[in-house]
Amino acid sequence: MPEILRPYTSDELQVMEKSLVRKIDLRSLPILIVLFLLNILDRNAIANARLGGLERTLRIDDVQYQTAVMVLWAGYISMMIPSNMLLSIFKPRIYLPTVVIVWGVVSGATGFVQNFTGLVVLRFLVGVVEAPYFPGCVFFLSSWYTRTELPSRIAIFYSGYTLSSAFGGLIAAGIIGNMDGTGGYPAWCLADPKAWLLVLILTGAVVGMSFTYFFPSIVQTLGYPNIETLLLTAPPYFFACIFSITNSWHSGKTQERCFHIITGCVISIVGQILSMSTHNTGARYFAMFLQAAGSFSVFQIILSWISTTIPRPKAKRAVALALCTAVSNATNISTSYLYPKSDAP
């Protein structure tokens with residue numbers, strides 16, 4: 001214990017620690033969540049734009065749309081590991097804000113796309129410039145929180161994803177409804193078998209979330225018009241946000257990971273089976289709640305598991321996080337083609 005803390009009793013130190021954690025929460029989490037919300041909003045906007053006439057406006061077909069979804073991940077996974085290697089060298093307070101500014105500029109340029117080629121190029125660049133933010137933030141959080149505190153903080157941070165998916169549909173409904181027509185790998189990380197086992201686990205979770213990029217189109221199969229469809233995309237994500245935070249908080253409190261991950265997987269599987277086995281509109285919509293809640297609740301627990309399984313050295317943890325997220329997200333290249341229109345009910 002540092003000399004300066006020795007005069008304090010254990011109770012006093014506990015009070016001081018709780019106060020410090022609250023300050024870290026208030027100063028870091030809100031801004032990280034808001035920026036992550038914007039990060040996902042930019043990335044997933046293409047799914048909502050599809051219902052608003054993206055394919056018709058750019059004169060692209062179903063396969064070209066899926067290619068535009070896929071190509072983002074080619075840029076995304078190519079930048080994740082190099083970025084986290086840089087993050088272990090440069091200060092996050094400079095590096096991450098710079099990344100945010102660059103991705104804002106590139107994402108804004110997407111609004112000026114006129115054809116398929118431009119869309120693919122911009123989507124690839126969006127993937128490149130947005131890639132550093134998520135693994136960088138997870139590394140940042142793992143540097144500030146203990147093993148007990150980390151799962152719930154990652155869950156709260158990751159709530160930006162589910163909230164973005166929810167608000168994305170609401171924002172798209174407002175725009176479409178009211179504005180339509182308006183003008184290198186370090187060897188010590190690769191040799192660690194724990195890293196590759198965690199890669200495998202996280203990859204399964206990412207595959208389970210692949211429906212996100214087609215969720216508005218999936219909801220549309222319920223038979224409602226476009227605006228109502230976009231509004232219906234929000235509730236499942238709000239529910240997923242609440243369930244994910246609760247599941248991760250309990251995981252951190254009990255210091256248990258496996259059961260909480262399996263619980264989310266089972267819920268997601270039940271949702272998938274239910275959606276395939278009935279034509280009842282209410283049951284299918286309920287299945288979408290289960291799919292979203294189960295899939296998203298697993299992802300952030302696995303991320304916190306990575307951070308606590310490979311805690312030291314710091315550079316190894318940074319690259320391990322980037323390796324797991326990069327390899328797992330590589331599956332998005334293939335899952336971008338999992339939902340062709342020809343398979344719709």
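FYI, residue positions are counted from 1 along the chain as it appears here.
Cβ coordinates are placed from backbone N, Cα and C, and glycine is handled just like the others.
Listed in TrEMBL:
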TRANSMEM  24-42  transmembrane segment
TRANSMEM  63-82  transmembrane segment
TRANSMEM  94-113  transmembrane segment
TRANSMEM  120-142  transmembrane segment
TRANSMEM  154-176  transmembrane segment
TRANSMEM  196-215  transmembrane segment
TRANSMEM  227-246  transmembrane segment
TRANSMEM  258-279  transmembrane segment
TRANSMEM  285-306  transmembrane segment
Check the transmembrane segment (285-306) against the transmembrane segment (63-82) for contact, please; criterion is three or more CB pairs under 8 Å, pairs 6 or more apart in sequence.
no
Sort out for me which stretch, of 63-82, 94-113, 120-142, 227-246, has the most Cβ pairs below 8 angstroms to the transmembrane segment (24-42).
120-142
For the transmembrane segment (120-142), name the stretch out of 94-113, 227-246, 258-279 with the most CB-CB pairs under 8 Å.
94-113
